[in-house]
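Asker: The annotation compositional bias 'Gly residues' is assigned in TrEMBL to 229-244. TrEMBL lists 247-335 with the feature domain 'TonB C-terminal'. The region 'Disordered' annotation in TrEMBL covers 101-187, 227-252.
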């Protein structure tokens, strides 16, 4: 009986330990059954007829059960210590893992910081290098611009020198040309003066002849009028109010001279000459049919002569009372 109880207790204890460590994760509460009563009253009668001391047997049984309980208690305590050791080891492992993780994170942070610092250093070096490169480019550009400026300045000075030389050459040429033109103008002036003198003499003779013709025509007209009027109006004046043909034509010449304008281009070029202009003065004094009868040799002077006659437009009626064809000389001479 005692051996059976011991075996049952040991089996229960070992099964509980196995269940705690390998099956159940929760703590196992070991329940030790209370030992049965030491006195079996059913056997009291039998014990009375045996030679075994029942008290001694009960003591032995109680001692065995106490030893088994102590062994179970010791096993439970050992299991608790082992569980605490495992938990401590797990906690230490977790702490070690946390420390290693923190160390790894710190190492990663330091590595990232070092990489960031390295990248910033590289960026600073690049900025410095780029700044130096731009400064070098700017210096080279300034040097090139200075050289180009000096080259252009030398070129401008050389061009200015050439222009001065050319201007001096043109000035000398103009002076020589002006001297030649002045000499030619003087020759033309002398020739024109000679022609004008001859023309004036011819015109004076023509005017004298015209006056004579006009007087004769006026006398004939007066006689005819007197004959038709029965001899009335004796001593009347001509249609020109008694003005002679010569004085009338002289006044017309003076009016044309007042309208004459020397052409600017011809004046700057030193051009001179005399243009003879023919035109007709109608009986009412209107001037038309203006044209060049003899050119001055310069188109500007000829045009100015025609414009002078046209500018007069109209004049006093001719003394004869009839249309008169006139040719006048218009002189252009530099003073």
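Just so you know, glycine gets a Cβ as well, placed from its N, Cα and C.
Because TrEMBL annotations are produced automatically, they should be read as predictions rather than curated entries.
Tell me about the setting of these features in this model.
Answerer: The domain 'TonB C-terminal' (247-335) scores a mean pLDDT of 91 in the predicted structure.
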Asker: Could you give me three numbers for the domain 'TonB C-terminal' (247-335), the DSSP helix, strand and coil residue counts?
Answerer: 32 helix, 28 strand, 29 coil
Asker: Under DSSP, the region 'Disordered' (101-187) has how many residues in helix, strand and coil?
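Answerer: Helix/strand/coil tally for the region 'Disordered' (101-187): 87 helix, 0 strand, 0 coil.
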